[in-house]
Every structure is written in C-alpha cells, then in structure tokens.
Amino acid sequence: MNAEEAQQQAAILSSALPFLRRYAGDTIVVKYGGHAMGEGKLAHAFGYDISLLKLVGINPIVVHGGGPQISAMLDRLKIRSEFIDGLRVTDKSMVDVIEMVLSGSVNKQVTQLINRAGALAVGISGKDGGLIQARRLTRTKRDPDSEIEKVIDLGFVGQPEKIDPRVLYALLGAGLIPVIAPVGVGEDGETYNINADTAAGAIAGAVHASRLLMLTDVPGVLDENGKLIEELSADEAMRRIADGSISGGMIPKVETCLEAVRKGAKAAVILDGRVPHSCLLELFTRAGPGTLIKA
C-alpha cells in the first residue's frame with residue numbers, strides 16, 4: 001500500500017465515524033439468505049462484516065434461511081416437495097429433515113463463518129429458550145366451481161405467535177452473536193418450519209432493532225421503470241402494494257418489513273445481498289444499496 005492508498009483508507013474510516021456513533025450499542029437484525037449465502041466470497045465477506053459490527057459496538061442478531069439446502073437433502077432422501085404461495089408444504093417426516101438441515105447443518109456453517117472472522121457467535125434455533133412460539137399457518141383458496149373458500153393445510157408450517165427475546169438478551173449481554181435457525185415451537189410442543197424472512201421480521205420487532213437488514217437477490221424495491229426506490233414510508237409501501245407496482249415475491253418481503261416496523265423496529269432495509277459488504281455499505285455510508293422502509 002502506497003501513501004496515497006493509505007490516505008484514502010484513512011479518509012474512508014474517518015467518514016464512517018458519524019455512522020459508528022449513530023449505531024453504537026444498538027441492535028441490528030440481519031436476515032441472511034439467497035445468493036449471499038451460497039457464493040463463497042460473499043459468504044466469507046458476510047462473516048467479516050458481522051464480526052466487524054460486533055467489534056465497533058453494535059449488537060448483531062443473524063437469522064438465516066436454508067431453502068436450497070433443504071431441497072437438496074429432501075431430493076437425496078427422495079422426498080417430494082410441494083409449494084403453495086411460496087411455502088413448502090411440510091408433513092411430520094419432512095419437518096424432522098428441515099430441522100436437521102437448518103439447526104444441525106446450516107446454522108453451524110453460518111456460526112463458523114462468523115467465528116472464523118474473529119467474533120464469538122452461538123447457533124440456536126427458535127425453539128431454544130422458547131424464542132419463537134408459533135402457531136400453524138393456513139392458507140385459503142376459493143374453489144372456482146363452488147365459490148367457497150377452502151382452507152389449505154400446509155402441515156407443519158408455522159407463523160410466529162410470540163417472540164420471547166430473553167435468550168437473545170442473555171447472549172448479547174455475554175458478548176455473543178446469536179445465529180438463529182427459523183424453527184419454532186407450538187403450544188403442543190410440535191416443531192414448525194417458519195419462513196426466515198418472517199422470523200427475522202418478528203424478532204426485529206420484538207427486540208426493537210434499529211435496523212432489520214433483509215439480504216435478497218434483487219437491488220431492492222423497484223419502481224415502474226425498474227429504478228431503485230431508495231426510501232419508502234409505510235403508507236407509500238402499502239399504496240404501491242395495493243396498486244400493483246410492488247408485486248410478486250417482493251410483496252411478502254415488504255410486508256415483513258412493515259410488520260417489523262409496526263412491532264417496534266425503527267426501520268427495515270431490503271438489501272442486495274449480491275453486493276459485497278452490503279451490510280456495511282448500508283450502515284456506514286450514505287449510499288446504502290437497497291430500499292429503506294420506515295413508519
């Protein structure tokens with residue numbers, strides 16, 4: 001590194017100071033999934049980013065997905081998957097496999113990514129400490145012949161009913177980074193497979209996170225011309241959903257962000273996880289690569 005490069009690096013560090021002050025001591029919930037999880041260099045960068053957040057006094061909480069890994073294991077076991085509205089129909093035998101993959105494999109891989117970067121991360125599932133108390137999620141569909149709404153049984157697919165954050169506060173208080181597999185427990189003790197976006201949003205609201213960062217495989221929320229919308233109010237987001245300018249798979253992500261903000265998070269950001277160090281760019285620069293959603 002020559003003198004000019006060193007000066008540039010020092011200037012970058014100095015420019016981050018106001019942002020470091022802003023988030024010092026705050027809790028940030030990061031939903032980790034998509035391309036950022038499957039590509040080696042991005043995964044490596046993610047581990048270092050989370051470690052850096054902890055080092056500068058921020059309390060990160062990571063909630064991870066694992067859809068491709070689950071599909072791969074089910075294929076190996078010759079168990080067929082069926083999806084309804086993007087949700088995997090989950091019977092009893094399948095939920096055991098899903099829990100094994102999420103809690104026993106993916107969770108440990110993500111935890112080790114962060115540990116190798118120098119921080120102390122601990123992997124848990126939503127069942128640990130009663131963190132995610134869930135109820136069975138159902139969907140309805142109108143029968144085209146009878147016009148009757150029929151309930152569709154998704155099996156052991158869950159919706160967070162209550163978040164008990166005490167286990168998270170205990171880990172954060174001990175200087176540890178919680179890494180959470182999105183598996184919940186019902187009143188009956190049954191295990192429920194929970195969408196990782198939904199789990200992250202519920203947790204962000206419960207801990208009153210300063211930011212919910214949702215890593216995705218798109219730049220953020222786009223307008224009618226395909227241009228990135230840098231900031232959305234809750235009212236504007238709901239209007240765009242109603243008029244169809246926010247559509248498809250982006251709707252549940254935006255709705256998760258809105259629910260997190262309604263429940264106590266200060267703001268949520270839909271980020272392009274394909275951009276290296278996207279979490280750092282969002283928190284510590286004025287040019288965050290995503291869409292900020294707030295009340």
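Any Cβ shown, glycine's included, is placed from N, Cα and C.
Since the structure is predicted, the reported quantities are computational estimates derived from the model, not experimental observations.
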Substrate site partner of GLY66, GLY67, ARG88 (as recorded in Swiss-Prot), chosen from ASN115, ASN193:
ASN193
Just name the most isolated of the binding-site residues GLY66, GLY67, going by other Cβ atoms within 10 Å of its Cβ.
GLY67
When the number of other CB atoms within 10 A of each residue's CB is tallied over all shown chains, which of the recorded sites LYS31, LYS253 has the maximum?
LYS31
Using C-alpha atoms, which one of the recorded positions LYS31, GLY66, GLY67, ARG88, ASN193 comes nearest to LYS253 (site 'Transition state stabilizer')?
LYS31
Can you check which residues sit near ARG88 (substrate binding site), meaning Cβ under 8 Å from its Cβ, same chain, 6 or more apart in sequence, and list them in order?
GLY67, ILE70, SER81, GLU82, MET94, ILE98, VAL157, ASN193
